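Only one structure is covered here, and it is reproduced in the block below.
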Amino acid sequence: MTDFSTIYKLSIIAFIGFIQGCSCSCPVMECWFVQEKPGRGGGLTGATTQEKSLLHIRTDKQSDVTGSQRDPSDIDPNRVYVITDPSANLCHASLNPPRGSIQKPQCEINPFLPQPSSLNWVASLTESALSPVYLQADWFSSSFQGLNQQIGVSTISRAPTGTKEHDVILSITSRTMSAKSRLGEPVTLDCSFWVDPSTPLSESGFAVEWRYQTRGDGRLVLAYDGKLDRLADTHETGAFLDFEALHERGNASLVLEEAKVRHSGTYICTIYLPYLLAQVAMELEIVEPPSLSIHPSPLPLAVPGQTLNLQCEASGFAPLPLELSWEFKGADGKSRSLGSGRMSGHRQAWDGTFSQSSRLDLDTSKLDLGRGGEVTCVAVHAGGTRRASVTLNVIGFSSPSIEDSMAMVGVALVLYGLIKFVSWSFTGSNKADGEDKKEK
C-alpha cells in the first residue's frame, strides 16, 4: 500500500511537471516583420519592408520550444524569435488554431524605440529625465489579432542586443475588438494590461489614455495619470474607468454610461510606462432598428376602382442603410409583394438617428385585392427586420365570393317566404270576408 501511494504521488508530481514544462498550448506563429527602409536624405523616410518571421511563444524561459517542430524553409533563420510571455496572453486559443487550418491569426512585429512622452498625463512617469541602462537593448512592438476577432493583443518586448529571445515587458489585451450596442444601453470596451513585475520600469507608475477616431475626426475621451492619481480635463461626459479594478488587476476598460449614435467609431486604448507605450484599437457600432408606422391607420373602406395612398414612416434608426417594401396578404392567406413604393431621402434627427419613408399607391382595380386583406410595411435593417400592418376592406366589388352568393340566395329565400306568407294571409282574409257577406 505504501509503495502504491508513493508511486501515485510521484505520478502526480511528474504530471504537474509535464504540464508546467509543456508549451503545447502556446502557438508557433507566422508573423510579418515590418520596418522602415533607411531614409534618402533630408530627413525623409523611405518605404517600409516586410519579411516573414516565426515566433515561438512560451510562458517561461525554462521551456525549450525551438526543437518542437521544423521551421518553414521560406523563413530566414534570423527572423525566428522566441517570445517569453509570462502573462500567457499570447497563448489564447484564437491565436493558436489547429494545424492545417485555413484561417490564421494576424500578427505584425516592428522595431520599437523607447522614448519619453510630453503628454500632461504621462510626463510624470519620466520626471527624472534619466534614461536607465535597462533601455539599452533591442525593443520590439507586436500586435496580434485572434480568429474571428476574439482577442486583440499588443506587446512591447525586450531582447538583449543581438539576441533573438524576447521577453514581454508590457502586454495589452481586448476581448471587444468589434462591439455592438443599442441606443441608451451601457457599453464596456474591454482593455486590460500586464506589466512584468521584474522590470524596473514598473516601479514608476503607469498612465491610461482612451481616444476616439472616425472618418478622420478624433478626440480625447479619457486620460488618467496612475502615478499622480489624476484625471486629465476632457469634454467627454458619461465615460469613466473602474479605478479600483485598474490599480488592482490592470483593468483599464472604458465604460460608456449611455450609448449614443456619436459613439460609433474606433476606440484606442493606450497604456504608458516610462519610455514605453502599447495600444490596442477596437470598433464600436451603435445599431438601433427603426420604429414603423403606417398612415392612414386604420384604412378607410375601399370600393373597386378606388386608389388608396399609403405612407410607411421608419424613424429612429441607425446606421444607414434601410430597405423598405410592401406586402399584401389576402383572405386566402397567401402573401405577395407590392414593391418598394416611392422612397424618400433619409433625414437625420438631433440625436443622430435617421428617418425615411415609402409611399404606396394602392389601386384596387389593378391589384386584384378581392375583398381586402392585410397590407404590411417591411423594414430590413442591420438591427433587425421590423413590420407594421393595417387591414384593408373592399366593399361592393363586382365578382362576389361563394359565401356572398350563398348569403344572397338565403336572403332571397327569406324574402320569398315572407312574400308567400303575406300573400297567403291576404288571400285567406279575403275568403273569410266573402263568406261572412254570403251568410248575411
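Every residue gets a Cβ built from N, Cα and C, even glycine.
Bear in mind that TrEMBL entries carry predicted annotations, made automatically and left uncurated.
Per TrEMBL, signal peptide is recorded for 1-24.
TrEMBL lists 56-77 with the feature region 'Disordered'.
Per TrEMBL, the feature domain 'Ig-like' maps to 160-271 (among others). Each residue of the domain 'Ig-like' (160-271) gets a DSSP state, and the totals for helix, strand and coil are 15 helix, 53 strand, 44 coil.
Annotated domain 'Ig-like' per TrEMBL: 290-391 (among others), in sequence order. On the 0 to 100 pLDDT scale, the domain 'Ig-like' (290-391) averages 92 in the predicted structure.
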DSSP helix/strand/coil residue counts for the domain 'Ig-like' (290-391): 0 helix, 63 strand, 39 coil
